[in-house]
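TrEMBL annotations:
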- 23-126: domain 'DUF7044' (DOMAIN)
- 148-278: domain 'DUF7042' (DOMAIN)
- 292-395: domain 'DUF7043' (DOMAIN)
- 410-512: domain 'DUF7045' (DOMAIN)
Amino acid sequence: MKYLTSEAKENIVFVPGRASQAVCYFPQQFQGEFVMQTTTNLGTGVQYTTVNVTSTSIPIWGTCHRRKGNNNFILMLNYRETSCIRCLHLKLRSANVLQVFILNQEIISKCYTNEKLAEENCPSEESLANREAAEILLFKRNGYYTRKEYCPIDGKYSITYKNNNPEQSNECTGNDSSMDSCPSGSILNFRLRGCTATPNTFDLRFECMASWKGPNNENYLIFSDNNRQLNGQKPKYRCALYHHEYRTDEIQMALSRDSTCTTDLINSTHGFETFLLTPRAENLWPAEASFGTCSFPKWMHGTWEHVRVDDDTMIYKDHSSFKTYTIKCVGVQEDENKYLVFSRTQCDEERYNCMRIVERSDNILEFQLGSNASTTKDVFVLCSDDNFQDDSWITQGRTDALDTVPTGRCPISGEYVGVIPDGEDLCAKLWSDCDTSELMYYQVSHCKTNEIYEEREYKCLGHWRESDFLYTYTQRRDVAAGTYECFVGVKMSNREIYIKEAGEHCQRHIDPLHYGMQLNKTSLYTCNYTTPRNPPGLRTSTKIPRPTSALPTVKSTTKVWNFGNFLNYYP
């Protein structure tokens with residue numbers, strides 16, 4: 001977790017005498033320069049306007065006055081003696097897409113002069129699920145945390161296409177149209193042939209920006225579409241609903257007409273444009289990969305962040321190379337947890353390799369692929385220890401049935417406080433949820449004024465010890481779904497711990513004692529039967545608690561740091 005580093009701290013501006021006008025802060029992942037659709041017509045096409053999100057305001061809508069829960073923000077604009085107050089629900093869908101909701105289909109320009117009325121009109125999760133709230137999509141153009149996104153659709157498909165524009169309909173049928181994601185898993189390439197319109201062939205290139213669960217077992221997909229003119233307009237960003245029928249592996253997908261998720265988009269089969277994706281037959285696999293000579297361990301079966309496992313087959317989406325690997329089990333060395341595998345990418349690159357697999361907890365998988373792959377099956381070379389780097393692991397959290405499978409309690413109990421190294425009077429607080437042991441919270445505030453700059457909520461998936469360190473893998477609950485973070489910690493005493501971020505894949509050889517942050521346990525509360533289950537000042541487990549008292553000054557480490565927040569298995 002990179003948190004209020006020298007770059008991030010530049011985003012917080014302190015204005016003398018005006019502290020009362022900005023008492024809440026937007027998470028760093030929300031900040032940046034976005035665009036949103038404003039108008040669409042035949043004359044000018046789709047038009048966009050710039051929307052800036054700073055650490056303390058969205059200037060066109062107001063200054064962040066108060067945060068209500070994880071996603072509702074009370075914004076305030078002052079016009080002389082009159083205040084314009086509104087409540088917005090902000091939901092980060094990816095590093096590139098921020099969704100804004102307003103209750104009751106009201107236009108964004110409506111606001112209240114009374115804060116209580118504004119709060120009563122905050123969108124709820126129920127209103128979002130029932131599509132009772134109006135939505136605005138913001139597409140990030142510049143700022144921190146922008147990145148390529150993996151498309152949720154992989155494989156090779158035959159395509160049936162239909163344009164439902166009454167002024168210029170078009171259909172492409174037959175088996176000549178195709179879709180693939182070669183060479184990059186962040187891009188879907190559509191090649192449409194035999195179409196009824198002129199020209200009768202055309203190609204589409206959709207660059208994926210975000211995806212999330214939608215209603216009725218369907219999913220939303222946002223992508224950029226830079227190459228087409230649609231009915232006199234050119235929407236740069238498009239929204240789609242798609243449904244994957246796993247029984248047949250067919251995918252139905254429909255697109256909206258513009259850059260919203262509502263215009264001419266009803267469901268995955270009814271939209272401005274529709275696609276039916278039918279999987280194409282795979283190339284033949286080598287004999288040893290075809291007959292199911294071995295399978296991956298049963299505990300591994302299911303869906304993980306970037307991995308799907310079923311019997312002898314593993315699908316791995318490498319988010320560094322954007323290559324999708326279909327991996328077949330060929331042989332097993334059970335005593336060393338090594339598996340000889342044959343892999344094929346979405347571009348039909350084929351190699352033999354060896355994989356080392358370890359179960360860290362019920363919901364944490366780590367694996368390694370050999371540094372060198374081969375076109376020949378040489379198990380002694382590929383599975384030798386020399387072909388693996390001890391500190392190079394890929395960490396994955398389980399995503400299926402996480403709401404029903406126990407994740408285990410977080411490795412802290414009670415409240416810890418400390419000073420962020422080189423943080424210019426920034427204090428940190430980490431505390432557990434006594435009623436929901438898999439949840440914990442993190443907060444950064446000014447050491448003297450207690451003004452809160454950021455609040456985070458984590459769900460612990462599990463932890464394990466390695467050497468003298470404890471690694472904890474977590475899922476962020478206050479930003480985009482699918483955000484996972486790893487931390488490493490060491491215990492100095494029953495009341496003193498050091499913590500450090502360990503990267504996306506629990507990087508080894510990071511010493512939290514020398515490069516981490518010191519946290520000391522307070523006596524404000526502990527999770528036992530002799531003290532309150534919910535300490536004073538804390539809200540329920542689904543909300544972010546406020547400080548219980550002024551944070552004491554705790555000495556900070558003088559070592560170099562790159563802010564990595566928390567954890568250790570310390571009651």
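Yeah, the Cβs are placed from backbone N, Cα and C, and that goes for glycine too.
Because TrEMBL annotations are produced automatically, they should be read as predictions rather than curated entries.
Owing to the predicted nature of the structure, the values given are computational and were not obtained by experimental measurement.
Restricting the average to the domain 'DUF7044' (23-126) gives a pLDDT of 88.
When the domain 'DUF7043' (292-395) is classified with DSSP, helix, strand and coil residues number 13 helix, 53 strand, 38 coil.
Note on the domain 'DUF7044' (23-126): DSSP counts are 14 helix, 54 strand, 36 coil. Across the domain 'DUF7045' (410-512), DSSP classifies residues as 1 helix, 60 strand, 42 coil.
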